[in-house]
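*Asks:* Here it is, the structure in full.
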Amino acid sequence: MASRFNALKADAHWQQVWDEARTFAADDHSAKPKTYVLEMFPYPSGKIHMGHVRNYTMGDVLARYRRMTGHEVLHPMGWDAFGMPAENAAMEKKVHPGTWTRANIATMKAQLKRLGFALDWTRELATCEPDYYGHEQALFLNFYRSGLVYRKESAVNWDPVDMTVLANEQVIDGRGWRSGALVEKRKLSQWFLKITQFADELLDGLGSLEHWPDKVRLMQENWIGKSQGLQFRFALSDGGSVEVFTTRPDTMFGASFVAVAADHPIAQAVAAGNPDAAAFIERCKQGGTTAAELETQEKLGFDTGLTATHPFGAGELPVYIANFVLMDYGTGAVFGVPAHDQRDFDFATKYALPIRRVVSDGDKTDADFAEAEAWTGPGTLVNSHFLDGMDVEDAKRAVIARAEDGGWGKGSTVYRLRDWGVSRQRYWGTPIPIIHCQSCGEVAVPREQLPVTLPEDVTFDVPGNPLDRHPTWKHVACPQCGGEALRDTDTLDTFADSSWYFIRFASQPDDRPFDRAVAESWLPVAQYIGGVEHAILHLLYARFWTRALRHVGLIDLAEPFTGLFTQGMVTHETYKAADGRWLAPEDVRDGVEIAGGGPVTVGRVEKMSKSKKNTVDPEPIVDQYGADAVRWFMLSDSPPERDLEWSENGIEGAWRFVQRLWRLFDGEAAGDQAATGSDAALDRKLHQTIAGVGADIEALSFNKAVAKLYELTSAIEKAAPSASRDTAIATLMRLVAPMVPHIAEEAWAARAQGGLIADAAWPAVDPAMLVEDEVTIAIQVNGKLRETLTLAKGLPKDEVEAAALAVDKIVRALDGKPPRKVIVVPDRLVNVVL
RNA sequence: GCGGACGUGGCGGAAUCGGUAGACGCUGGAGACUUAAAAUCUUCUGCCCAUGGCGUGCGGGUUCGAGUCCCGCCGUCCGCACCA
């Protein structure tokens, strides 16, 4: 009699076995082909959530499958452990960020272990430990010596209450997200990494990333934002000049004004002697920054009274200060061509500037042109002297050539991408290993003095940077002259920490960041899995860091991640009480609030979030159903790139399936009579499933693999006892092992197969077993299904046609007349055309 | 505004090359077992005016045949955003 599968007992047992045997420790010296499977490492915020469970389950199935197919798999885990939440906790709970972080790591590690992930814990790392960030400091200094790091004054978002710099994402409607204070623009000396030096490489490299989602590649492409055009100077009526950039040099003869940004030096100079101009600039700065405001904001300008001389002698253009020109893109100045740019059109309309058409799209004449909007498409140049008759692209080249010949301008490329500002006025990050000396200037901390460690005795009772106000930490002797000097009290952006952790996982010597040969033997990461929210920043920074390492000669690797997969979120229904309070799922039963019995409104299905209270904590779920059921549910139903809705029924269903498996496995092991005889249909089903599930896992189509395994399970359940059935059950153990490893080990052991199923080989497909001897053929009339026939596979066309035409319904449909046409697709269908 | 993705039963979804739409799961119905319940098993479950007809957001088109290809709409979601 089959017993129930005791998941809690089996989970704990097999997790301990794997741990003790170091089953999933990756061997650097293995002769097997190596493969690196990686999920984005978590921030240790407290407890794991369902999103982690889904992410890591997907990676785990792939890692376990690759092991079974003969690969040496590197599948590590660690902690992205620096960051603001730890400092916030320090302020709110009076606990040291390190204490808080390490406690969270311990909790979350225990939770991850309970899910039975095939992780190499021997390589665990936390970015907040000196044995990680010290090496990061060494890499930073390496970049510094190679000219990839520089320091410059730059405007930052400054929260005057918290006394700290805020990232753009932390500024909400112009106010600090925590303090609510109006954010100021402040000039601060900041460290920058020269990501723009690699802009072209990073853009071109996207083309080689075939196994990345198109969406992510496109987002990165847009983020890099390459534009090619002409950069040149206008001579100004006051004797000065202004440099502009344009992607449309072909429309030069349509120019009717020049506009500069409000914070452009020319605007500033004008404002100095003109209160109206100063007032206008002030007004520009007050403009809202939200999408909606920008969309509706009127194009405003202030006529400086200056004029700019057209380089081709086509007159003088008025120079405006305009609110729609951005200082930090291009040169902060543009020339306006109202006929062929919508913003310029709006502006010219408002200020009654000429609208001169210079590109004709063929149909339209001057008369019916451009009363309402600018023409930005292709066409033939008109009203443009030497450009007349050229198409847009030829005209661009012609103007750039003339500018370069004449020495007043040159073809140039502009990127939207900015250099990466990495200075943060925070405690809980990697200290920037630079010393500022009165006499020597910036001095790199010598290698033997690394790591520059964080002081432990810091306070968070007042706002500001604890490193900066620490009584002694920043005071050091200058490594060069020995005189009094100060440490840089900023720490690195935490995106730096996550820009190379995957290399440190591959190789972690004590005395250097990584061993080149070992790292190169694992990298690039074959499959990287994580949330789409990292599509731009993290993935771009990691790609940059890798190229920078290559640039300084530390590794021969262009792209860190060959394959990228962005998984969907875990969602749940939301619940609201009559008074508008959000309710947690566990507070609701049968449509009423458990406490008090008040009515509950079921709201939208949304991403699990604390604010909507629709989270489900994985831990009690694992307690109740076991790791395998949770894993199985995470893989079922929804395609992995889409959102997965958590539901009670769903996890129940997964749990039922685990028990179904157990009835098969246990019944077999319990010594049901060894059956004899073969079952050709079941053999075929089995081998089709082996092939299909393997392909589905490789494609990360876990939901399809799950469906195939359900089918095979049902087929085995229904099959009469036979040797084929025994084989199918034994094989099923291995097929489900990557997904539900605990029950698979339990069954494998009970069957005395020897060794661990985690080390077993993936079953081989016997191609001979895949061959069907009969096929079902669709019989259609005019493309509509009328009947199906089961015929021998590979029957000649004429025999299939004859069989189809003999079918009752077809005879009736033909009504004695010959068909106009009969289409026969071998082994597929017959379509009778009347 | 620009760019992208998606739209299939009550729900999540499947259909790899243009060839039987709705696999598989969930929900729901009926039945078996049981004193009863749970568990389990069997069976049904796209819609309708049902020997047939209609069905993959809507309208056209190509084709012997369209969820799949083409054209034009509508809707939802995501990303970027005055980018010169």
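The count begins at 1 with the first shown residue.
Quick reminder: no glycine exception, Cβ is built from N, Cα and C everywhere.
Just so it is clear, the model here is predicted, and its values are computed rather than measured.
The domain 'Methionyl/Leucyl tRNA synthetase' annotation in TrEMBL covers A:39-171. For A:42-52, the entry in TrEMBL reads motif ''HIGH' region'. The feature domain 'Leucyl-tRNA synthetase editing' is assigned by TrEMBL to A:221-403. Residues or ranges marked as domain 'Aminoacyl-tRNA synthetase class Ia' in TrEMBL: A:415-573, A:606-647. Residues annotated as motif ''KMSKS' region' in TrEMBL: A:607-611. Taken from TrEMBL, the feature ATP binding site covers A:Lys610. Summarising the annotation, TrEMBL assigns domain 'Methionyl/Valyl/Leucyl/Isoleucyl-tRNA synthetase anticodon-binding' to A:681-799.
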*Asks:* Work out the three-state DSSP category of A:Lys610 (ATP binding site).
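*Replies:* Going by the DSSP assignment, A:Lys610 (ATP binding site) belongs to neither helix nor strand, so it counts as coil.
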*Asks:* Around the C-beta of A:Lys610 (ATP binding site), how many further C-beta atoms are within 10 angstroms, looking at every protein chain?
*Replies:* 10
*Asks:* Count up the helix, strand and coil residues in the domain 'Methionyl/Leucyl tRNA synthetase' (A:39-171) according to DSSP, in that order.
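*Replies:* Per DSSP, the residues of the domain 'Methionyl/Leucyl tRNA synthetase' (A:39-171) fall into 68 helix, 23 strand, 42 coil.
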*Asks:* Count, for each of A:39-171, A:221-403, A:606-647, the Cβ pairs lying under 8 Å from the domain 'Aminoacyl-tRNA synthetase class Ia' (A:415-573), and report the range with the highest count.
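*Replies:* If we count Cβ pairs closer than 8 Å to the domain 'Aminoacyl-tRNA synthetase class Ia' (A:415-573), A:39-171 scores highest.
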*Asks:* Under an 8 Å Cβ to Cβ limit, what residues of the same chain, 6 or more beyond the ends of the motif ''KMSKS' region' (A:607-611), are close to it?
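*Replies:* Tertiary neighbours of the motif ''KMSKS' region' (A:607-611) are 49-51, 569-572, 582, 643, 646.
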*Asks:* Please give the sequence-distant neighbours of the domain 'Aminoacyl-tRNA synthetase class Ia' (A:606-647): residues at least 6 beyond its ends with Cβ less than 8 Å from one of its Cβ atoms.
*Replies:* 5, 7-8, 10-11, 47-54, 57-58, 60-61, 111, 114-116, 213, 565-575, 582-585, 653-655, 657-658, 700-703, 705-706, 739-743
*Asks:* Report the mean pLDDT of the predicted model across the domain 'Methionyl/Valyl/Leucyl/Isoleucyl-tRNA synthetase anticodon-binding' (A:681-799), rounded to a whole number.
*Replies:* 91
